[in-house]
Amino acid sequence: MATEPGADCTEFAPAKINLTLHVTGQRADGYHLLDSLVVFADVGDQITVRAADSLRLEISGPQAAALPPSDDNLVLRAARLMGVPAAITLEKRLPVASGIGGGSADAAAALRALARLSARPLPTEAEVLTLGADVPVCLKGRPVRMQGVGEVLTPVPDMPKAWLVLANPGVAVATPAVFRGLSRKDNPPMPAALPALRTAEALAAFLHGQRNDMEAAALALAPPIGTTTAALGAQTGCLLARMSGSGATCFGLFADAASAQTAARALQSAQPGWWVAAARLLS
Ligand SMILES: C[C@](O)(CO)[C@H](O)COP(=O)(O)OP(=O)(O)OC[C@H]1O[C@@H](n2ccc(N)nc2=O)[C@H](O)[C@@H]1O
Ligand SMILES: Nc1ncnc2c1ncn2[C@@H]1O[C@H](COP(=O)(O)OP(=O)(O)OP(=O)(O)O)[C@@H](O)[C@H]1O
């Protein structure tokens, strides 16, 4: 049943983190084949939709200035795919073009909210993929092994309790430029079967043997990424520091909330210009 007339539907758009990102090949159309362990954090944007005669988008929140409302905003593209006119509010908290899927997470949250508002089904997987390679995984919103160009999704149900510190040094990185800068596109995938990852320490041990194959190319375009991973890795309790997606946001993995929060505070006071957030990994 559709939501009552006049009622708002709100959906959280969690940050997407690529704990690993292996680039294993390239298709004839130029898109890259990936093998990535993707998780979500309890920090993110928020989408609110309300029935209206025409489609409109208002953007507020601490990162709104970086995203002027334009017709090709992924939220509007998602709404056009659903075919539901609505007044949409995007509370933008995640830095834009930063490797944590903000736009993709917003698109997925908009699809969920508009499906609830209108009681219409979600678009097909193939249609969702037209919004962006990261939108299908963001629609899942739970730990997933992502393969293909982003459309082959296998749930990873046994993720441990863990916390993340996300840090962005304030440089926007364009995903296509990083793909273009890759020195190799035929890197090995993750093991066919992932090991049991019952604790944050076991997860870190596994991750240490894996990679983000986009990190070197992103670092060449945005050298502050190196400062960011080094600063995260130097924090007490940080089990692993790595870049997410095509950058420039990096994450530190922590076994408990207190160490993650202490690390985030220390990092933010050392680097007041950075965007820093402590977050729980959503399992
Ligand atoms: C790097 C990742 O963030 C990892 O999760 C994603 O693969 C990127 O996902 P996304 O930002 O939703 O990507 P899209 O908006 O579909 O594509 C942006 C650009 O990235 C390149 N691209 C993207 C995904 C992919 N598997 N191979 C690619 O080569 C393409 O040049 C494309 O023009
Ligand atoms: N709602 C949105 N939020 C953020 N960016 C958007 C949005 N809609 C469109 N964009 C555009 O998409 C581009 C990528 O932004 P986004 O924040 O999704 O990047 P990202 O975090 O690097 O994504 P990914 O990790 O999926 O590669 C930006 O250049 C921005 O102009």
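Cβ from N, Cα, C; glycine included.
According to TrEMBL, the features are:
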- Lys16: active site (ACT_SITE)
- 73-137: domain 'GHMP kinase N-terminal' (DOMAIN)
- Pro95, Val96, Ala97, Ser98, Gly99, Ile100, Gly101, Gly102, Gly103, Ser104, Ala105: ATP binding site (BINDING)
- Asp134: active site (ACT_SITE)
- 195-270: domain 'GHMP kinase C-terminal' (DOMAIN)
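Among the binding-site residues Pro95, Ala97, Ala105, residues whose Cβ is positioned under 6 Å from ligand 2 are identified as Ala97. Reported as a whole number, the C-alpha separation between Gly99 (ATP binding site) and Lys16 (active site) equals 8 Å. Within the group of binding-site residues (Pro95, Gly101), the Cβ with the highest number of other Cβ atoms inside 10 Å belongs to Gly101. In this structure, Ala105 (ATP binding site) is part of a helix by DSSP. Residues of the domain 'GHMP kinase C-terminal' (195-270) grouped by DSSP class, helix first, strand second and coil last, total 40 helix, 10 strand, 26 coil. Between the CA atoms of Gly101 (ATP binding site) and Lys16 (active site) there is a gap of 5 Å. Each of the binding-site residues Gly99, Gly103 was scored by the number of other CB atoms within 10 A of its CB, and the lowest score belongs to Gly103. The number of other Cβ atoms within 10 Å of the Cβ belonging to Ala105 (ATP binding site), over all protein chains shown, comes to 28.
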